[in-house]
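Working notes for the structure below.
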Amino acid sequence: MPTVRSFAGGPAQGRLYRGKLDEYYDLNKQEARAYGAYAVATTLLPNLVTALVLFYGGQLVLNEDGLTSGQLVSFLLLLGSLSEGFSNMGSIFSSITQALGAADKVFELIRRPPQSTPLPIPPLAPAFCSGKVELRDVTFRYPARPARPVLNKINMLAEPGKVVALVGPSGGGKSSCVALLENFYEPESGMVLLDGRKVQEYDPHWYHRHVSIVSQEPMLYARSIRQNILFGLEGEPDEPSEGEIIEAAVLAGAHDFILGLQSGYDTEVGERGVCLSGGQKQRIAIARALCRRPRVLLLDEATSALDSDSENLDSILVVRDGRVVEQGTHTELLGKVGGMYSQLVCKQVDALETANTICNEQEKS
Ligand SMILES: Nc1ncnc2c1ncn2[C@@H]1O[C@H](COP(=O)(O)OP(=O)(O)OP(=O)(O)O)[C@@H](O)[C@H]1O
């Protein structure tokens, strides 16, 4: 609704909706006609048969042509039971046909062969995870768009305890790297590794307890803030305590605003978190990820802003058109005159300086 209103899309959307309604109306009319014909046939035919039997049988009785009135009545009663039996068989047959149609779809889904590599038996679930993450010569294309490679022989290494950032223009392939690390897809060639083993070999439950993500558009569910932070851990043997939930919220910078809400951690966030601001949703998503005490934390950030924290990153990879075009620390990359990273930073500094100049001029005037 807000999008339709903001872009004055009411009339156009109305026309689209009207078109769909007309289609639906036409289909309903067809169905009504077919049903009418069926109803006429099923009510008219038995009555017609009864009338014919009465007429012909009555003649036989009146002419004393070997049929007594008792026999005619018995025949009519039996005919009634028989036609009821046939009509029941008809409705059972149509139910069976409907059920078979629906079952076809269900079995189609059940029998769909999985596209992912089968898990080894037993799947990996080591007692310790150091958190070394690596993409090795990874080439990848999305199944929905097989013609276009999204990642092209990409390499990335994040040692335990280190912070590695992927930066670069929109559509370069950063989120796709994250999706591969989450094991949502498998690479076409190359390997995605955690502690030197392919991520496909790990038990999925174990894996996602050690690798957490905060996605670009965090998804919250229509339940309380506490339940959203705990998501998936309720009833688990290591379900976090109230203290641990609060600790995660404090680390995510969410605790103060949560306490400011009327019901604190019990506040309902609404469908998809509509009762919260974008920033608040993101902080709750960060608390949800931290609550698991992951060894690897993936933060997929939509904004392109490089802030002062960039200086503190251990390694920065500039990703463009599915390739790593530059790699190094903030200082090293800034030193590459004409390099993509230094251009990105310069653009941002220019924008900031222009904004500062405008502000200063406004203050003076
Ligand atoms: N589910 C998908 N199916 C098909 N193509 C996709 C899908 N998701 C992303 N793409 C395509 O893959 C390419 C890389 O997208 P990706 O989201 O990895 O870029 P990004 O660098 O994270 O961009 P941004 O900085 O805007 O988040 C884009 O061209 C995009 O259109």
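Numbers run from 1 along the shown chain.
Positions of Cβ are set from backbone N, Cα and C atoms, glycine also.
Nobody curates TrEMBL annotations by hand; they come from automatic prediction.
Secondary structure of the domain 'ABC transmembrane type-1' (1-98) per DSSP (helix as H, G, I; strand as E, B; remaining residues coil): 88 helix, 0 strand, 10 coil. The domain 'ABC transmembrane type-1' feature in TrEMBL is assigned to 1-98.
Sequence annotations record features per position, and here TrEMBL assigns transmembrane segment to 35-56.
According to TrEMBL, the feature domain 'ABC transporter' maps to 133-346.
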- Near the transmembrane segment (35-56), which residues from the same chain, at least 6 beyond its ends, have a CB less than 8 A from one of its CBs? 72, 75-76, 79-80, 83, 87, 90
